[in-house]
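Participant: Straight from TrEMBL, here's the annotation block:
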DOMAIN    10-87  domain 'Trypsin-co-occurring'
REGION    82-102  region 'Disordered'
Amino acid sequence: MGTQDPLENVELTAAVQGLRDQLMAAVDASDGRPIRFEVEEINLEFAVELRRDAQIKAGFKAWVVSGDSQAGAARTAAHKVSVKLRPKNSRDGGPVEIGNQDDVSMEVFGAPLDGHRE
């Protein structure tokens, strides 16, 4: 008996939620750090398999297909789905920033505040 691939049967919604959770963890982990990054755009690309499901209103579910599963998916059709996301802060609608809320100085990197070296 082989081991089951942990990526097998991952719903597309779960994959996107996992990304959201990871971004929130990055925001939390960056507390107190002197540099901030603005998350501008996230490009996701998945190979998905569409399966009919009589219990779902739309009639099908989209499952993320791992590379190993794609090779053995002769009985089903895999489709490529690209999703472009621009995260927004739910409090103010602004961009998501990962980092400290305080202003920072680049002097810690050996550059003066004006950005020019002498």
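The backbone N, Cα and C atoms fix where each Cβ goes, and this holds for glycine too.
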Participant: Check the domain 'Trypsin-co-occurring' (10-87) for me and report the mean pLDDT.
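Facilitator: Result for the domain 'Trypsin-co-occurring' (10-87): average pLDDT 75.
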Participant: Looking only at the region 'Disordered' (82-102), what are its DSSP counts of helix, strand and coil residues?
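Facilitator: So the region 'Disordered' (82-102) is made up of 0 helix, 9 strand, 12 coil.
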